[in-house]
């Protein structure tokens, strides 16, 4: 009887378009709300300076209610006009969801995405888990538009996931959960019972793996994967055996916000919905009536480093020891920069001092990533990339966000995953 009651609650909430927290609910204490509001305004103000119209930012803005309506309107217009020809499946899916959250018709973008997913297949039987992130987004976006036509695509996707044995990835697992929860809740009446069994199996397996990554302080994976994981745990119809303490996670996240760990617009966009009790499943049900109250905006970020800041010295090493790559090297340089400078400034100064340290970046939704150093470029086919470490610990922030400390040893290591 309890199971049937839970099933009815899930069904009713899916029909009503609201998120359901099946394990434990949590909320931001009133005293901490200004902290979250300030973070949101930081994200919204990034819209005016960004050369990359970020659909994740618009989704987050619409889910929680925008403070800055001009930023919301500008980003919506940019995404309406954007050329989708060179977009990945994941980027196209996010754009569709972002426009949907702004009550805009995505037009032929939906049919384009559906055709791409009808022919999608992983690059190999055991493709890395991260390669399923974009297709998960696609399943979610298509489910929200037409679950009936998405059903066979989602079923094939779910079977592919079950056959894959690559190491688990938290972000992908969370997005898989959101996508297949949407499908699980919207299986058309009269469809084969096998669909629900299939989706339920993948959801259960995925949630068990996510629950095993919940740390004692409530963080799930790492601080930047926690937002999506919170969404997944709050809506899944298949709860893991390990109980999740949502409020403990919330308290730790709020403490990390105080410590300034959320200043990248993309990191804010992924945590913000969970702080406001929203998930990506709420996207089709947003109210687009104008908000008469427009809150004051914050100054553009990041704030410039004060000119009087003292200098620090950072030891910077570039290393490539991968066999099969024609140029092997290990070079180190000491770089002096202003205290408070981000790592990107260190790289630029190293390049200015010695051309061996020249590098190139590629712009992503998370900001610039280093794609090439000393003429050695990342290669998706070879599964190589430049990994940055502090000492022996991989950095969990990008070069435009991480702030080195005095005498820190930063290594850029050409790595294979």
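Note that Cβ sites are derived from N, Cα and C of the backbone, with glycine treated the same way.
Here's what TrEMBL has on this protein:
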BINDING   171, 222, 270, 395, 417  cyanocob(III)alamin binding site
DISULFID  26-246  disulfide bond
DISULFID  143-182  disulfide bond
SIGNAL    1-16  signal peptide
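Taking the C-alpha atom of residue 26 (disulfide bond) as reference, the shortest distance to any of the binding-site residues 171, 222, 270, 395, 417 belongs to 270. Fewest Cβ neighbours within 10 Å among the binding-site residues 171, 222: this applies to 222. Rounded to a whole number, the distance between the Cα atoms of residue 143 (disulfide bond) and residue 417 (cyanocob(III)alamin binding site) is 31 Å. Considering other CB atoms within 10 Å as the measure, the emptiest surroundings among the recorded positions 26, 143, 182, 246, 395 are those of 395. Cβ crowding, taken as the number of other Cβ atoms within 10 Å, peaks at 270 among the binding-site residues 270, 417.
Taking only the Cα positions, the spacing between residue 182 (disulfide bond) and residue 222 (cyanocob(III)alamin binding site) is 25 angstrom. Distance noted between the C-alpha atoms of residue 395 (cyanocob(III)alamin binding site) and residue 143 (disulfide bond) is 35 Å. Pairwise Cα distances among 171, 222, 270, 395, 417, which the record gives as the binders of cyanocob(III)alamin, peak at 24 Å. Recorded residues residue 171 (cyanocob(III)alamin binding site) and residue 246 (disulfide bond) have their alpha carbons 18 Å apart, per Cα-Cα distance. For residue 143 (disulfide bond), the spatially nearest entry among the recorded positions 222, 246, 270 is 270, judged by CA separation.
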